[in-house]
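To start, the structure under review is shown below, and the notes come after it.
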Amino acid sequence: MSSARGNRCPRPEEMSDLLETVISSFTRSIIVVDALDELTSHNGVRDKFVSKLLAICKKFEVKIFMTSRVPIKGASGTRSSTERAICALEDDMRRSIRIKLEDGNLFCGKVDLQEKVTSKILRAANGVYLVAMLYAAHLSLFEEPGELLDALDEIDHTSDPYKTVYEQTMRRITSDNNPKNKRNLALTILCYSFLAKRPLRVDELSHALAIKAGSTSFDKNRILDVSEAITRSCAGLVVLDKTNNTVKMFHKSLYDYLVEYHTKWFPDGEKSFGMTCVGYLSLDDFADGPCPEVDPSSLSSESLDDFADGSCSEVDSSSLSSKSLDDFADGPYLKVDPGRNGEFKTIDRYGVWSEVQAQDKSTLLRKRFVQYPFYEYAAQHWHEHVRGSDSETTDVVLRFLADGKKVSASRQAFDCTTSIETTGIQVAARFSLERSLVHCLQRHRLPLHYVNARDRYGRTILSYAAEMNSMEAVRLLVDAGADPNMESEAREFEGFTPLLYAAHRGHEDTVTVLLDSGADVNSKDRLAQNALAHASHSKSQAVARILLERGCDPDSEDHLQRNTLLLAAKEGCEGIVKLLLQRGAQVNYKNDRGETPLLLAAQGGHVGVAELLLKHGAQVNYKNGSGETPLLLAARCASSEVMALLIAEGAKKTTEVSRAYKEALKQRRTGEAWLSRRLQCLNSEYSSSRSIQA
């Protein structure tokens, strides 16, 4: 389905409204959803989909029929649902198996062999159609009788049919009988498709495969027909999703298999993919740096046509209208697919081109993404593929980081909003590439103004080094003159000093190094929380002890008048609470909201903290401004241990407490019952299909 313009898929809200409109026109409706488990669970997509469907069913009293290999959250086990296990009919499976086997040269005209293989497949499949089809497709490709018999024998003795068929297929792909170039191509496609942080489009994969190691020039003659390459080399394990022009695993079960065994088949896969990404970013085509900015408000839907042929055209501002600008509001954004004659295609379900990003991209940057389709993925994810490995210090990565123009260009593609120059050291720090950062700092002596410069996020290199717990980088930066008290201007961490970053993460050694380098032990962020408060967030007793020994104020209050004891009690930091009480903290301290350490500990169900506080004289029957006692708050979270402790210390049990406890228990049991059923289902045969009729 598409919009009136024919180039934009409807948004989820639009689809929901349309579905409700259609349902309301019928006296009786039934919604059928097949293979729900194959819908991505990324970002809660599947849960939101089910929740919306169930809400529609309740609103219009319609029936819904879903099939899934796993329990359906929110519907499975409810009173209004019926659950049934279903299996394929043997006769249907037998016919399908024979049809598939007849495609193989080895089975042509050999009825007895077909029957023998079919019988063995049926036994191994145990009623699961997918397994039967996997085996049939796999065995139909054999050309040598001896290899077929070995495969059949392995099938006869397997307890894991998925693993067996994928192992056999991978062995066939990597066999010496398979030409080396075909073998390497198949493994590379499988590797990149599996390791990619989101599904790769066909044009993205074609450019990734065309990269030549060690070269900074791009040879378009190396671009492959990905569809043909997949068909020729991947033995059916990788397929094209024509709905969004992406490459994906044949089935989720293959992905699950590779999660466990990918290092067996491509042990250096992550490094290889990372080097491909960096190699693409290092192309000479990007040597001039970021694209110049163009006012995004000058773009209209008509102007997008200017990119269909890969050329750069002027935009006539007089052609703009509010209607044309509405084309960019809310919905998925469009991208030119050069492989489809310039036809506009919608972005895949992972929303790579978000609303804000699409509006902020300049015309020249759009052109760059069209001409170099792998550039956006490489810019956004290269660091994830190299982080934490020796890839960080390879010549490819270090040469890229040393090229300020190419680094700045990649950063523009990363966030699609700016052409501000960025350096490799800032990028290494931002992306937590510790080895790269240390290597760059050791090789280059930085001027003082550069050491203390803030990046576009308002942070210094030292703040990143402190957050990632890189003591070597911290020492190198401090020796170069980095200011340990420079505050961050980042929106989420405004006012954070490097010390606060380190304390927030619980990095005791880095905290010590920073304090030794002159960091202010009592520095505060914009919420007026000091390092001791952040140690409570990280629940690091070791950091708290260091800070207290170095003079950090335990009575300092944040903007909600919460001191460290209140925060530690709230977080359940028993060790920090003990340290503070030993140093004379006020056990019955309360802020203007009436919060006390015991109230917050009880509310969080932290029995160890509550016991410590009571031993030091906490008021067991204290009431806040709403009349709530520690016992009532413990009852509301069904914390029987805290309740028993408080009652033993003289807490008064009221009818309100009893009522709150019963309600909390009821809610907890409902959740536990659902979780128990879910675990039982997951432990049952993985391949069993399930249906739900609500």
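For all residues, glycine too, the Cβ spot is worked out from N, Cα and C.
Unlike curated entries, TrEMBL annotations are predicted automatically.
Annotation comment: TrEMBL describes 182-260 as domain 'GPI inositol-deacylase winged helix'.
Listed by sequence, the residues of this chain that lie at least six past the ends of the repeat 'ANK' (457-489) yet keep a Cβ under 8 A from its Cβ atoms are 425-426, 429-430, 432, 434, 437-438, 441-442, 445-446, 448, 451, 495-499, 501-502, 504-505, 507, 509-510, 513-514, 517-520, 523. Annotated repeat 'ANK' per TrEMBL: 457-489 (among others), in sequence order.
What TrEMBL records for 494-526 (among others) is repeat 'ANK'. Long-range contacts of the repeat 'ANK' (494-526) within the same chain: residues 458, 460, 462-463, 465-467, 469-471, 474-475, 478, 484-488, 532, 534-535, 537-540, 542-543, 546-547, 550-553, 556, each at least 6 residues beyond the stretch ends and with a Cβ under 8 Å from a Cβ of the stretch.
The repeat 'ANK' annotation in TrEMBL covers 560-592 (among others). Listed by sequence, the residues of this chain that lie at least six past the ends of the repeat 'ANK' (560-592) yet keep a Cβ under 8 A from its Cβ atoms are 529-530, 532-533, 535-537, 539-541, 544-545, 548, 554, 598, 600-601, 603-604, 606, 608-609, 612-613, 616-619, 622, 624.
Remote same-chain residues near the repeat 'ANK' (593-625) are listed as 560-562, 565-566, 568-574, 577-578, 581, 587, 631, 633-634, 636-637, 639, 641-642, 645-646, 649-652 (criterion: CB distance under 8 Å, separation of at least six residues from the stretch ends). The repeat 'ANK' feature in TrEMBL is assigned to 593-625 (among others).
Residue counts of the repeat 'ANK' (626-658) by helix, strand and coil are 20 helix, 0 strand, 13 coil (DSSP-based). Sequence annotations record features per position, and here TrEMBL assigns repeat 'ANK' to 626-658 (among others).
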Grouping DSSP H, G, I as helix and E, B as strand, the residues of the repeat 'ANK' (560-592) number 17 helix, 0 strand, 16 coil
Helix, strand and coil residue totals from DSSP for the domain 'GPI inositol-deacylase winged helix' (182-260) stand at 43 helix, 10 strand, 26 coil
Helix, strand and coil residue totals from DSSP for the repeat 'ANK' (494-526) stand at 17 helix, 1 strand, 15 coil
Looking only at the repeat 'ANK' (560-592), mean pLDDT returns 93
